Each structure stands twice: as structure tokens, then as C-alpha cells.
Amino acid sequence: MTGPGEEMHALVERLYPLCRSITGDGVRATLDIVGEYIPLQVHEVPTGTQVLDWTVPQEWNIRDAYVADSTGRRVVDFAASSLHVLGYSVPVSATMPLAELRGHLHTLPDHPSWVPYRTSYYKPEWGFCLAQETLDALPDGDYEVCVDSTLVDGHLTYAEHVVPGQVADEVIVSCHVCHPALANDNMAGVAVAVFLARALAEQRPYHTYRFVFAPGTIGAITWLARNAERIEQVKHGLVLACAGDRGRLTYKQSRRGDSGIDRVMRHVLAVSERPHQVNEFTPYGYDERQYCSPGFDLGVGSLTRTPYAGYPEYHTSADNPDFVSPEAMADTLAVCREAFSVLDRDRRYVNLSPYGEPQLGRRGLYEALGGRSDTKQAQMAMLWVLNLSDGEHSLLEVAERSGLPFDTVAAAADALLGAGLIKE
Amino acid sequence: MTGPGEEMHALVERLYPLCRSITGDGVRATLDIVGEYIPLQVHEVPTGTQVLDWTVPQEWNIRDAYVADSTGRRVVDFAASSLHVLGYSVPVSATMPLAELRGHLHTLPDHPSWVPYRTSYYKPEWGFCLAQETLDALPDGDYEVCVDSTLVDGHLTYAEHVVPGQVADEVIVSCHVCHPALANDNMAGVAVAVFLARALAEQRPYHTYRFVFAPGTIGAITWLARNAERIEQVKHGLVLACAGDRGRLTYKQSRRGDSGIDRVMRHVLAVSERPHQVNEFTPYGYDERQYCSPGFDLGVGSLTRTPYAGYPEYHTSADNPDFVSPEAMADTLAVCREAFSVLDRDRRYVNLSPYGEPQLGRRGLYEALGGRSDTKQAQMAMLWVLNLSDGEHSLLEVAERSGLPFDTVAAAADALLGAGLIKE
Amino acid sequence: MTGPGEEMHALVERLYPLCRSITGDGVRATLDIVGEYIPLQVHEVPTGTQVLDWTVPQEWNIRDAYVADSTGRRVVDFAASSLHVLGYSVPVSATMPLAELRGHLHTLPDHPSWVPYRTSYYKPEWGFCLAQETLDALPDGDYEVCVDSTLVDGHLTYAEHVVPGQVADEVIVSCHVCHPALANDNMAGVAVAVFLARALAEQRPYHTYRFVFAPGTIGAITWLARNAERIEQVKHGLVLACAGDRGRLTYKQSRRGDSGIDRVMRHVLAVSERPHQVNEFTPYGYDERQYCSPGFDLGVGSLTRTPYAGYPEYHTSADNPDFVSPEAMADTLAVCREAFSVLDRDRRYVNLSPYGEPQLGRRGLYEALGGRSDTKQAQMAMLWVLNLSDGEHSLLEVAERSGLPFDTVAAAADALLGAGLIKE
């Protein structure tokens, strides 16, 4: 039986091998596949465009790259994994002794069978990443090195998908799409975002949800630079990354620490009884760095399972599709859906009968038989909503203060709204 | 030897059997007895009077009620206990088989020997409450049922007793008087209130103390509706209920959570070393629900021993005079007296010599011999009062911050006031 | 090898025997010695001068004092220790039986070999302090008592030393100099202050540092009275006392509890991993009482090792130079230097590129090779400073929130300032 977990995992496996970077055809191919699931608006931003403090770099593409020994055998081969080439490597075609080549080789001595992920976006450089044990097996001698890449004026590519809501206020969900053959970081995040968008589209949500698929850092900065007029509509946001490993959920709060998404995520995680951790904001990690820079200071948190740089497989070839599980992705998706469900229903109401309790009984909202000690949750929820609906407390605060489930509180508010006892 | 505990218990025993409800002669009889202890101003509010969102209901009185078997033997008899009839039962006189009668019978299967307390104030209904074991012993067959009650236009009755203070600012003490044969809930609260009023009257307290004896919910709502102009004079309040069981004291804070009575009760309970619990506000329980509705939001807390619905005997025939103890009532009374003593002396003062310490020695307020390390509490209290008397901190805050007993702090303030070093 | 600890201890030993009081030549002799280390501005304030609520008292000087037995042997002798005479004793010359003399003798029954320190500044009195075992050994009989003191119009003496800073905003360091032969209380504080002043003078500190050496209470009050116009320049302050015992460091916060010095001391003590304690403000202890009186409410805390009255040797002859250690004084000095170093560098900056992160790489502030998980502390510190530099957070708050050492944060700020990315 196939659930969303398996479907998301299949999407991860399909996206995984592509050679993504902060620009280039790997990103386009990735977005093409995502576009088969949800319609995307793809943006191409020319090299040289000024975006905030940054400039869109030249576009990088690569056809082939290898290190070959004197017999012509490829001992390191881009065709086997896009991790093997240093991201943004400038072209090179040369023969050199191993001693000279070593300065361009990156390994992980502590994990000798794993290939690291390395880049050099802004300093012209070429290089290869390989397993330490591969390097150790190389005899001295001359090697042919080839990076058949281009680094020329072109574009930076990112995409958006919008689920229209009842109001123009937006929630952004942002995923980086710049990492090559890494599964958890971040094809799992992309897959969860895709299925989240599809789930939201099945209803008409209260907020408008905007999904941003963009290269890390420069992509988010480009989006922010090009959406200055939209920023004040962005009420909440979530950066999705590392969404599929088997570790517990981690929510990293926005810089503000008490923004709506922070409160919602804390509540949803707390009541769900899932193992989880809530962390303070830090200005490193993923693109929450940009959304939460002091000039924007958006209410954008970050949801991961094991967080940024928190697992040994991070940024290595060991972050492959086996490292992510259908169950973990399904769980991440479920938490997002629960959180957005709360976010969409959280409101502040005003009690229209604030002097004493209104008589719920004659409105059919209170059981007729008095004296019993087991007052029902639904009735307690109505009393809580009435008591705290002074325009200061939202339903989420009612849920937190009362200890009642948000759903029960929201249902009570609906009943009271229907009876004309509260208004928005 | 007879102390206030025994006197209060005797009052509970006397009030206990009366058939009280939210209206009717049982309330009047109860207030007549209370009036033998403290003078009462009794109010009669006509049926149909609009009180906030509610309407004063018809008045209910009852002469007799029973279920009799085919031999004429009363198997359930109102004369034995006023709990046996569903509160506000409409009149009925009929004969019916047990099967049909069952729909009108209320029992407690988990406590088969206890009779529950049940009401149906706002939905016309009749019924009987009885022990499960009584019901189980009833053979099938026809039964005669009789509720000889009247439900006609009349009045809702409540009473007030005022202890005049030095200022018009009021503290209200509110007790519900609508429960029939239940001792802890709330004849114990009534008894403590009565003896508290007598104790306060022996001095001239700072605040004016207003005792309200009214039916639960509709009575408090009626009082609030008829005292709109007085509300802003009500600075503090305490709802007294369940004042006599053997459990530890429980203070439930006002909705504001930091009102004067909240701070005073927390302090008095904490320094008293009595077993106790301080709870957050909840919008159910007793009439604090009404006083703390968001439109009023008064600084009214609730003092009980075991709280609302927190003991198995709650709202059953097991809440009888044996369930309450003279010692527990005396203890509840003592805590109220201590709390009101603090409340009456808590003030904010302004240090008239705020630059450096004033020279206490030449005013005879500081010991002459210097160098000793055991500065006396009285002197420390003066330094604390001087230091915190900036108009922002009350004496209770001085006591809390200094860890000194409130009495010591208040005595220091009196000495400083006498020396002209602080003013109110 | 001689470090500052030994030098400070030598200064304590030299100052220790002098007979100090709140006025008189003992204070002058003390300041003379201090003046050999750091230049002092000495102030002489005439008897009768009104200072805030107080009046400068008559000046007290003493040449000799003793109790002699019938053979003429001095059984209590001021020449042996200045503690033996009650501070501010009025002159006396008489012979009296032991029974009468006892009313003028002060001992410590719990520590029979120690001599207590006692004074009677404002009530005319004479007396002697002696060991209980000395008293116990005195046979009955007549004794000659002599206090050859003068109490006449004169002056109160205090001194200041200023280390000029880059700004006129001042930090005051205040030590009481009124205690006679007591080492920890407060010649150790004086010695630490002296060496702190010398250390600060070796650089040009940011703040102007003002050292006040004054008698306790009346001296601080005199300084405050004569510096009314300077008060608003005093941004921070530290009262130094009990600076040399072997106990752990204790910082007592200012009345405000969150003043700059409070935050700095808490941080420095917390990150230093020294055993320490941070206490709330209390209005007794040393001259923080005056600086933190509500009219002034200055951000002045108090640094001691074992606090005021917290050790048995307090105000006894057991507080001698052996009671203080060079290591403890060196440690107190080091903490003060660390704290003032933070205080002097703590600033609020404004990020000039607050929208998104500025591109640190092209400014040479970020490593070129991407993908590694071990982001360096220096880079993290830059991201933290950029993120929190919104004019609301100081570098110390950045250090606290990030968990990074203040030095790392300050260095990051310097780098960002150099790159024009932040401004003050």
C-alpha cells in the first residue's frame, strides 16, 4: 500500500542524482520534475543582477569531470556522483603528478569511505571530492584531470508555487534546491513541500501559501530582493530542510522567538507527544538566516528533523536515499499540516456578552442537567473562549492556557460565533 | 472548650437540612438563620427581571415529594433529605411502572450508597435522586410519584452584610447559598463568612468589606447587574466555598493572576507553612466565573480547601456535616483573617529622604552601637521600606523581596511614617 | 617571584595597623600611603557641613587608651591594637571597680580569644573591646581607665583618583576606609582598587574611572552630596569590599538588577568558571546602600569574596593579614579587570546592510570553501553581530545570546566595523 511517505521517497530518489548548484541546468531539471507535481512559476534572473548586497553570479554548468590514471582509467568520475566535483569548479584540463593534484582533492579522513560535498562559489577554483580510501589507493604518478564545465553569464533559476487563500496574508514555505546528490539535504525538504502544497490545495486555506524553491543564500536573497513590496504581506514562514532522516523533529524558532509560527509549532509539537526539540534562533543554518536578518525580521522558523550539521552524514555521500525514510517524511508532512491547520484557524475574538457569563443553556450550548462534576471539554472550551475573548488572546493562547486541544477550542469558537456571542 | 471551629460547625449542622435552591423559601430560611449572627440586608428580585444576559426565573418551592410503591410505602422521600428531589422539579402526580420511572431517577453507580445532587433549573423536568442500592432493591411494578412543588412568578432572594471600613474601597466576600443538603458545599463557606464578618466588625478595617450571600451563577449575576455603579469600588474579592473539608487549602487566582488578593493570598499561604496549593484561574468553578468575566475582570480569587469537584463526596449525600471539621473551618477562617490583615495594611509609600539613607540614629530608629553583624530584623525592614518606597512598590512587595514577614515590614513603615520619613 | 597578589598583600600589611575611623588622622595616614601608589585628590570637609540628611561629625583622634590594673599593668592596650578602643570613644580618665567597668567592655563570648570591633559614632560613649578570655582572667578590684582622645570640630577626609577615559561617562569604584585593624574589611578592597587603578592607567580606557576612598556611610553620603552635578555622568559603579578572603567571589547586584555592571559581572563570572555567587540587591552591606538609595538608584553593584557579615572573623581581630591571601586578591583584581574590559567594549551597533546577510566572502571575512560543517567561531560571531545589531542589542547581549565569548564577539564587531558593515 502506497502512502504519501512512499510517494515522497520516490520523488527524492528521482531528484537525488541531478547535479544541482546555485545556478545551472541541474536546478532547472529539478524544477521540471517538481513541476510535474505542482504548477510552478519559474524565474530566471540574469547574471550581474544586483540583489541586496549580492550580485547574481555567472551560471555554472558541467558536462563531465574526472581524474584518470596513467592507464586512462577514471579513478574519480563525475558520472558516478555529482558530489565528485567541487561545486562551481572552473574548467581544467591538465596532467599533473599526484603530489600537485592533492591540493585539489577533498576527503573525509574520519569517514574514509564517504565522499564529501564541497563548493567554491565565489572564489575561482577547481577540485574533486573523493573517499579517503580511494585516495589512499592511488599510486604516485601522473594523473589526467578534466573538468568540462562552463562558467559564463546566464541566469539564476528559482520557482514559486502559490496556493491561494481566503486572505492575501501569506505564509511562505522555503526550500533550498542547490545541493547536488544529497537526499535529506534537501530533496526530502522539497518532497515534503510538494506534498504539503498539494494537500493545502485540496481545501481553500485561510492564508495564502507561497512555496519558494530557490538556491540557498543567493536564491533566498534574490527572492527577497525581488519581492520587497510583498514582504509586509508575509505573516509567517517555514524553512523546510533535512526533512527525512530518522531523528526527532526540531523546530528552530524565528529571530523574534514569539512569532505566530513559533507559538503554533511549539503548541503542535508539545501536544502531539512526538519526540521533538525546540531551539532558539541562530543566525546560521538555512535560509531563515536571510528571512530573519534584522532588516526583514520575518516570523519565519525552520523545521527539520536532525538539524543543520547535526548528523555525521551531513554533506557527504552517506546522505543518500537510504538515509531518509518514508515514515519520517510522512511525519514531517503531518506536522506541517497540523501546524498550518492551527495557523489558519487562530484568531482573536471579542466576547459580545462580556459581563458575566452569557446564558449558554437557552442557546442550546450547555447541558440542562446541573450538578454533575464531569463538565464536558466542549463546554469548558466555550467558557475559556468566552473568558479570554477580550481581543487580547488568540484561540491558540486559549488552548495553551486552558490545556485543551486547539481543535476543541476552535470548535467552541465556531459554536459561539454561530450563536452570535463572539465576533472577530 | 468551644472555639470558633465548633461554633461554625454548629451553624453548618443547623443550616444543612434546609431545601435550598436558586430561589424559594429555603434560601430565605437560610438567610434568616444567618441573620441571627450578623445583620443582613435581604434583597428580593422579581421573576422576569433582566440581569445581564439572564432573566430571573420563576420561584420554586416544594412541600413534599416521594416515590411510593404499590403498598404505599415511600421508597424515596423528600422528607428524609432534600437531595432526593431533582432541584427545580416541576410538579407531578402520577403512577407509572418502574421501567418508565427509571428515566427520571438519578443514581451514582460508582458509589451505590450515596444520593447524588442534581438540578434542572432552566429545562422543565421532574426527577428523583436516590442511592443505586435503593434502586436496585426496587421490584418491578407500578409506583406512585409525587412532586408537590410550585414554580410560579416570585422572587430571587440574596443578602448582603457590610462591615464599614476607613475607606469606601470594597472587598467582597461571596458565598453561594443555593445548594440543599450539602455541608462543605457550601454551608461551611457560609459559616466561615459569617464568623469572618464578625471578626472584622470587632475592629474598624481599612477596606469596607461586603459579604454577599447569593444563589450560585444567577445570584452573582443578579448582584453584578444591580451594582454596576459599585463595581469600580470593588478592589478585591474572595469567593468562599468548600471551606470545611479536611484537605489542604487551595487558592485559585483571579483571572488577572497578579491582583492584590492574588499576591496577598500567595504570600500568606507561603509564609504560613500550611500545606496548600495555588492554582491558575479557570473559568469554571464557583462565582469567580462571573466576577472574573472579561467585562468585569475583578481581582476576585477563590479560597477553598479541596477545590470544586475535587473530592468523591462532591455533590452527593456524603457531603454531610461529618465531612466537614471544626478544625478545618477554623483554619480557613484564620487564613482569611491573616490575608485581610495584610490587604488592609498594604500600601505604597514614598520615601521623603530618598537621596542616600536618612540618618535613622538621630531619630532613635537605629541602634547606637555599630560594628555588630546581627542587624536586627526591625532595622533591616526600615532599610527595605526606605529603599523600595519610590511609589512603585507596596509593603507586600517589600515583604516578598526582602523575605521579611509582612508584619515586620508594616511595623517598620509605621515607625518611618511616625518619623516623617515616608508618606503615603 | 612577586606578582600583584604579593604586592597587594604587602600594602594590606602596611595599612592594617593604622587606627582609622570615619574621621581623623588614621584616615589621612592611610590615604598618604595609598598616595604613594596612585596620585590622590584629598578632600577635607569641615565638621558641621550638611550632607544630604546627615551632618559631618566632629573629628575624632586618639593618642592612647588603656585599662590598667591596680599594679599599673595595662591589661587592655590601644598600642597593641586599635581595635581595643570603642571607635569614637569620648575621653575618659577614671578609676573604677571591675563591676562598673564591665558596662563599657565588649567581648565575643563565642570566640573567646578574639577582640571585637565596635563603634559609637553618634552617641557619646567610651568603651574597650577585648578578648573574652582576657576579661575572664581579670580579678575583681579597681582599674584605671584612660581614653586619651579628642572629639572636636575638624574635618572628614576622603580622596579620589581618576583614570581619564575616552568619554566623560564615569565608572566609580568605591572603597570604605574607616575600619581600623581589619584586613579583609577593607584594606584588601583598598589594595585591589589601587592596583586596578594602576592597571587601567596603563591603557586609555573607554570610560573614565573614578576611585573613591571614603569612610563608610557618611563618606559616601558626603561624596554624593558634593557631586550632585556629576551623578548623571556615573553610568556604572562597583563597591569593593572583603576582597581578599579565601571564599568564593560574590557579586551583589545593583538595586536595578539589570544595570550594565550587573550584566557584565554576571557574564564575566559565568564564563570564567570561577566558583561564585550572584546575589540580589539588599539595602544593607556597604556603600551600595547609598549609591542605590531610591533617589540616586545608580547602577552600582558590590563585589566581595565572602560577603558582608558572612564569615565568623568579620569585624573581629581574626580579620588580620593572615586572613587574606595574595591569590584571592589577585583573583579579585583579575575579575575586575575582565569586567571593566567588557564594560569598556560593550556597545550597540547598527547593521548598515540589514536586509539579508551582506556578502562577507567578497570582503575577505568568510572562508571561500563551502560545505564544511565546522563553521568557525569567528564567522559565527560575525553572523551574530550582524543579526542582532539593530540598535537594541549590545555586544554583551550578543555574547549572552550566542553563547560565544565576549572577546570573540567584540573582535567580530571590530572586523565588521573595519569593513564598514556596522556603525555605532
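For all residues, glycine too, the Cβ spot is worked out from N, Cα and C.
Annotations in TrEMBL come from automatic prediction, not curation.
Residues annotated as Zn(2+) binding site in TrEMBL: A:H179, A:D185, A:H315. When secondary structure is read from DSSP and collapsed to three states, A:H179 (Zn(2+) binding site) falls in the coil class. Taking all protein chains in view, 27 other C-beta atoms sit within 10 angstroms of the C-beta of A:H179 (Zn(2+) binding site).
Marked as domain 'DUF4910' by TrEMBL: A:9-346.
Assigned with DSSP, the residues of the domain 'DUF2172' (A:59-150) fall into helix, strand and coil as follows: 15 helix, 37 strand, 40 coil. Among the features that TrEMBL reports, domain 'DUF2172' is placed at A:59-150.
The domain 'UCP01524 winged helix-turn-helix' annotation in TrEMBL covers A:348-423. This prediction places the mean pLDDT of the domain 'UCP01524 winged helix-turn-helix' (A:348-423) at 92.
The binding-site residues under consideration are A:D185, A:H315. Their Cβ neighbour counts within 10 Å are lowest for A:H315.
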